[in-house]
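Peer 1: Quick one: the structure is below, questions incoming.
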Amino acid sequence: MGGAEQNIYDNQKPSVSTVSWKTQNGTSLEKKNLQESHIPMVVSFVAPDGGSRAWLVLFCAFLCNGVIWGIINSYSVLQHEFYQNLAAKNDTQASSKAGKCFSLFSLQHEFYQNLAAKNDTQASSKAALVGSLAISATFMMSAVAGILTNLIGLRTTAFIGGALSCGGMFLSSFFTDNIAVLYFTYGIMCGIGCALVYTPSLAILGHYFTKYIGVANGIVASGSSVFTMVMPYVMGFFLNVAYLHGTLKLLAAILVSLMCCALVFKPLVKMPTDKKVTVMQASNFISLWKNKKYCLWAFLISISLFGYFVPYVHMSMFVEKHFVKGTDAKLPILCIGITSGLGRLIFGYIADKPKVDRILLQQVSFLVIGTLTMLLPSASSCYECLIAITLGMGLFDGCFISLLGPIAFDICGHECAAQAIGFLLGLCSIPLTTGPYVAGLLFDSVGNYNLALRLAGIPPIIGGIAMFSIRFIAAKDLRRNRAIKEDDRGNKEKLLSSESPEAHQTKDVTSSL
């Protein structure tokens, strides 16, 4: 591990009075009169920040993020078709129902066709619910994934997740006409499986990177951008060649790669085997929510995301409503994806600089995203302006995404980082699910996206400004820690000064005897 020190836990019985161990650099350490041996002795851990193993872990995490979000995260490409299918039935809430689906891209259209062929009067809303369940389960179960990583380990959790997602996709191929089964196989099984892979794929980076953790997270996060640009075309090719049932089987084969990647996620900080310590680690989530900085940060992130995803979901409809027929509705989303990938790399590199405030960078990203979202209606008559705005949105989207992992490690440390990321994603599931739906309701009632987009820009701006309050908590904690250190120093000085010369003489006589 490149000469890095690692945590070494003492698992001896309480009767042991002297414990000694060595760090990897050969330094011998010794602890006498150990009374509570079930409490781990920890030597400071330093990640290798390089080496073949670290880069392999980085590549596998990149692949996991790409496969998961490449399948889930590009709904806007087909929203126009969903809307027209609903509008043809005189559905007064066509846009909001279409906006419920955050996944399945070309697949949802096929699910709809299968249901419509059976004269299902609720074909579109039922097909939309499959995608809504998938994205909701992915985010909501991320909190459970964080707990499981402490109970059974990063590698085992990710492997189980890969098996669940692959199995759910494969089973879905046999029930393309049964929407009730698809709710479970595609919506719930695949969603839970993706969550169990996604959280460990971020948490494992902290075991192999410290100095370059920002760059590592940026590279991994860019995987979703790369695969999001590629997967719609791949899935369209699959549908043309293998039809829906064959496409699902091929996607299941792609998801097998998640299990292969999981085998590489070997943590460098080994968890102790003592039951008391294991229980203590399993209950880390209690101490996590006592961390005021984390609680405030996670809450403000979730507030900011109420409007964050609206442009992604409704962009194609916005282009079709405000520009001439034949205007490329996919290009704005493609621009967001390209610059988002660049932003994750650029800001990941910037975040690794010693004096850079990562939370401040995230604040700036929210303020810019919110402002640009509110400017979208102003670009309704200028396609070039729309492209420029989406390029900027993608760049700062990459900034926001790439900083989630590093900030979680900064605030919570290695021990609680996995749970911190998992709980954060669980909180994010609510605004990411409801925000686009509310925007669709506004469109259905008003007839355009001007009001919806202007309102969607407000939550990111509020969240970005409110994050300044995190600094007040940090400053208060710093002052308290300094006061504690000063009190300890004063108590030691008083104790030394209170010892009389006679006491010193008695000690000297005793030692000589």
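Backbone N, Cα and C atoms are what each Cβ position is placed from, and that goes for glycine too.
The transmembrane segment annotation in TrEMBL covers 54-72, 127-149, 181-205, 212-235, 241-265, 294-311, 331-347, 359-380, 386-409, 421-439, 451-474. The compositional bias 'Basic and acidic residues' feature in TrEMBL is assigned to 485-507. Feature annotation from TrEMBL assigns region 'Disordered' to 485-513.
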Peer 1: Have the transmembrane segment (386-409) and the transmembrane segment (241-265) got at least three CB pairs under 8 Å, pairs 6 or more apart in sequence?
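Peer 2: Contact criterion not met.
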Peer 1: To the transmembrane segment (294-311), which of 181-205, 359-380, 421-439 is linked by the most Cβ pairs under 8 Å?
Peer 2: 421-439
Peer 1: Three or more CB pairs closer than 8 Å, sequence separation of 6 or more: does that hold for the transmembrane segment (451-474) against the transmembrane segment (181-205)?
Peer 2: no
Peer 1: Considering only Cβ pairs within less than 8 angstroms, which of the stretches 181-205, 212-235, 359-380, 421-439 has the most against the transmembrane segment (331-347)?
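Peer 2: Checked against 181-205, 212-235, 359-380, 421-439; highest Cβ contact count belongs to 212-235.
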Peer 1: Taking residues 6+ outside the transmembrane segment (181-205), which of them lie with a CB under 8 Å of any CB in it?
Peer 2: 57-58, 60-61, 64-65, 68, 72, 104, 111, 129-142, 144-146, 148-149, 154-155, 157-158, 160-169, 171-172, 175, 213, 216-217, 220, 255, 258, 261-262, 265, 267, 404-405, 417-418, 421-422, 425
Peer 1: With a Cβ cut-off under 8 Å, give me the same-chain residues at least six positions beyond the ends of the transmembrane segment (54-72) that come close to it.
Peer 2: 47-48, 102-103, 105, 134-135, 138, 158, 165, 194, 197-198, 201-202, 204-205, 207-209, 216, 219-224, 226-228, 230-231, 235, 251, 254-255, 257-258, 260-261, 264-266
